[in-house]
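Worksheet: the structure to be examined is printed underneath.
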């Protein structure tokens, strides 16, 4: 059984930067916390906890110490509260997320109604929305955007893990909703590249394994685009979840991983699949 690993599997720039900031802070000791999980990887969060860095839902209970802003960013009021309390702030917000926050703030201040394309329950989107000073709407698809009310000036940004195709559908729906529309490119390039690579790989293999946190938006999207092409797509968080039955009759297996998946987990999955392949060949 041949195994093909996607070239872009694993940490993206923003996640690599965030984890580096967090682990460096953990190594220095002291009262250090992250505002929410630093990234959507339970294994990384657990490692940080073992080093004394725990994730907090908010800064309400903090009076001193260091707070690390997660890669998904934070709501503006949480940041203001951290500043008011004079906490040491380490901002690990992904630069692409930061750009989306700034666009929303500027659009709102310029009189635009803002449309954010993404998952309303995702912390990144909740943070982005908090920078709006006027009307702001969150839509997950073009179908939802069709239901938006008429507006004057519209500004559109997207959650960084969205697909360009979904963004286009929303923009098309918004074109008839207002007299002026401004669209900003806030989708992470790494996200787009990984999704295209996953599609290509899925078309070349008999089975796909997508590695990453079940709460990771970009990993779930990788699994979705892969499954559209290769129905035998399996989303796992760790090697122990692999089922040898998945590989019955499989000659080529493709592997990709979300932007928040650590290399050591990818290596463990590779090793386990190689072991399954050896057992099949006996």
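Here the Cβ of each residue, glycine as well, is placed from N, Cα and C on the backbone.
Annotated features, as they stand in Swiss-Prot:
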type     : residues                        : note
ACT_SITE : 124                             : active site, proton donor
BINDING  : 12, 94, 188                     : [4Fe-4S] cluster binding site
BINDING  : 40, 72, 122, 216, 218, 260      : isopentenyl diphosphate binding site
BINDING  : 40, 72, 122, 216, 218, 260      : dimethylallyl diphosphate binding site
BINDING  : 40, 72, 122, 160, 216, 218, 260 : (2E)-4-hydroxy-3-methylbut-2-enyl diphosphate binding site
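On the structure: features taken from Swiss-Prot.
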residue: 12; record: [4Fe-4S] cluster binding site; contacts (Cβ under 8 Å, 6+ apart): 188, 190, 191, 194, 259
residue: 72; record: isopentenyl diphosphate binding site; contacts (Cβ under 8 Å, 6+ apart): 36, 40, 93, 94, 97, 122, 123, 124, 127
residue: 160; record: (2E)-4-hydroxy-3-methylbut-2-enyl diphosphate binding site; contacts (Cβ under 8 Å, 6+ apart): 94, 96, 97, 100, 124, 186, 187, 188, 191
residue: 216; record: isopentenyl diphosphate binding site; contacts (Cβ under 8 Å, 6+ apart): 40, 41, 258, 259, 260, 261
residue: 218; record: isopentenyl diphosphate binding site; contacts (Cβ under 8 Å, 6+ apart): 161, 191, 194, 212, 258, 259, 260
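Excluding the listed site residues 40, 72, 122, 160, 216, 218, 260, the same chain places 39, 71, 124, 161, 217, 219, 258, 259 with Cβ atoms within 8 Å of the centre of the (2E)-4-hydroxy-3-methylbut-2-enyl diphosphate site Cβ atoms. Report note: the [4Fe-4S] cluster site is defined by 12, 94, 188, and the residues of the same chain whose CB lies within 8 Å of the CB centroid of those residues, excluding them, are 13, 14, 15, 71, 95, 96, 97, 160, 190, 191, 259. Binding residues for isopentenyl diphosphate (40, 72, 122, 216, 218, 260) extend across at most 15 Å, taking the greatest CA-CA distance. Taking the Cβ of residue 188 ([4Fe-4S] cluster binding site) as centre and 10 Å as the limit, one finds 24 other Cβ atoms among all the protein chains shown. The Cβ of residue 94 ([4Fe-4S] cluster binding site) has 24 neighbouring Cβ atoms from other residues within 10 Å, across all protein chains displayed.
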